[in-house]
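Written out below as structure tokens is the structure these notes cover.
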Amino acid sequence: SRCTHLENRDFVTGTQGTTRVTLVLELGGCVTITAEGKPSVDVWLDAIYQESPAKTREYCLHAKLSETKVAARCPTMGPAVLTEEHQIGTVCKRDQSDRGWGNHCGLFGKGSIVACVKAACEAKKKATGYVYDANKIVYTVKVEPHTGDYVAANETHKGRKTTTFTVSSEKTILTLGEYGDVSLLCRVASGVNLAQTIILELDKTAEHLPTAWQVHRDWFNDLALPWKHDGNPHWNNAERLVEFGVPHAVKMDVYNLGDQTGVLLKALAGVPVAHIEGNKYHLKSGHVTCEVGLENLKMKGLTYTMCDKSKFTWKRTPTDSGHDTVVMEVTFSGSKPCRIPVRAVAHGSPDVNVAMLITPNPTIENDGGGFIEMQLPPGDNIIYVGELSHQWFQTGSSIGRVFQTTRKGIERLTVIGEHAWDFGSAGGFFSSIGKAVHTVLGGAFNSIFGGVGFLPKLLMGVALAWLGLNTRNPTMSMSFLLAGGLVLAMTLGVGA
């Protein structure tokens, strides 16, 4: 699965009868949805971008100077005059120079002098700013079912589906082939203040240098370089890259301050680099909050017969995925298709299956299958696939796992924010409370009661509530009632 290869992975586990779950998707992360009676699905935010954003200013990094002219007058003869002084695209400077008999003046004193030079910009020496439009930013979300096929990190799963969302998008339904349909309704949010963000792009001159950065609008507007708007042929403040020398009689030198690319690159050290792909300008941060409908998903292979247990061999022995799960792959030499008999037992409990399958109902197909992912309790375990067995020690602790999943649930609810609550009606408010409980405690509940059936969990919740009603100690009574209520809510709830 896609999520197996990513470091930032989250699990959202639906309880019995779950039809909808709420996810928080962020760039670089991946969420695996598991629910009883449903295929597991990976969902991730693949990209945030805008096509062809609008240009704002262009800055010149290296001036191109030409047609230098100088005019001078003797003392008392009035100001020097050049017609170019009032032409657009020309940089001029007025000053006073020492005049006398040695340079063709009858009087000694200060005379007027003016120098002008035509200023343009060297080719491939521009820095251009682009602005985002929140209404045109596209969020690409991808969905992939767990089919039991191993897919390398650099390969694309044949069942992968892609959809896009904008601020005006509505619900999308994706067809996952034999696994049914999944619906997505996503609310988008960029991780940056778009009104204050500029993409600064340099003309491409060297392959080893980055070409674009995500900068603040105020910093961009304060750059001390010549600038112009798109389509304007003349540069404003061109004098910023021109220096005039000290005047001598009828002469004034003009100097080009040279290429400012290195100065700009030094100023951009540590600034987030922007990614540009063709005409797509990507954002580096942001998230979407998606409500995923699971009601039309269906498990594949439930009618298959069980595989012959003696005809399995390891293709990839059990390995730690890095996400508190175990992954493995087997090959099968018997008749296909069929269901893979897989289970795991803990030390001292040989009759209790402790494996929580992330790949539900693993199968061998005519053209693939055999990849299995599962979660095991901390400690010594033995994994069985048919007659194959493998001893496995799962690191960590049950308490630590509960705290970790609860922390992730709180983070998820915090990101969802105000969208998690419906104050429009009493029913909506209580539904929001149920959803919040599922979001925060769903993972912890599954860690504790993952191997317990629906009826035992229901009876446990009822028993705790009954103890709470019949206990005279107020503290004990409230504790039992709260615990019983949570167990019943997590057992009977249909949304996470």
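The backbone N, Cα and C atoms fix where each Cβ goes, and this holds for glycine too.
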Item to complete: Could you tell me which of Cys74, Cys92, Cys116, Cys121 is bonded to Cys105 by a disulfide, according to Swiss-Prot?
Response: Cys74
Discussion item. Can you look up which of Cys60, Cys290, Cys307, Cys338 is joined to Cys186 by a disulfide in Swiss-Prot?
Written reply: Cys290
Item to complete: Going by Swiss-Prot, tell me which one of Cys121, Cys338 is disulfide-bonded to Cys307.
Response: Cys338
Worksheet item: Considering the candidates Cys3, Cys60, which is the cysteine that Swiss-Prot reports in a disulfide bond with Cys30?
Response: Cys3
Item to complete: Would you count the other C-beta atoms found within 10 angstroms of the C-beta of Cys60 (disulfide bond) for me?
Response: 24
Response to the item:
Quick note, Cys92 (disulfide bond) and Cys3 (disulfide bond): C-alpha atoms separated, nearest Å, by 63
Response to the item:
For Cys74 (disulfide bond) and Cys290 (disulfide bond), the CA-to-CA distance in whole Å is 79
Worksheet item: Which of these disulfide-bonded residues is closest to Cys60 (disulfide bond) if you go by CA atoms: Cys30, Cys116, Cys186, Cys290, Cys307?
Response: Cys116
Discussion item. Tell me the coarse DSSP state (helix, strand, coil) of Cys3 (disulfide bond).
Written reply: helix
Fill in: DSSP-derived class (H/G/I helix, E/B strand, else coil) of Cys307 (disulfide bond)
coil
Item to complete: Measuring CA to CA, name the entry from the disulfide-bonded residues Cys3, Cys30, Cys105, Cys121 that ends up nearest Cys290 (disulfide bond).
Response: Cys30
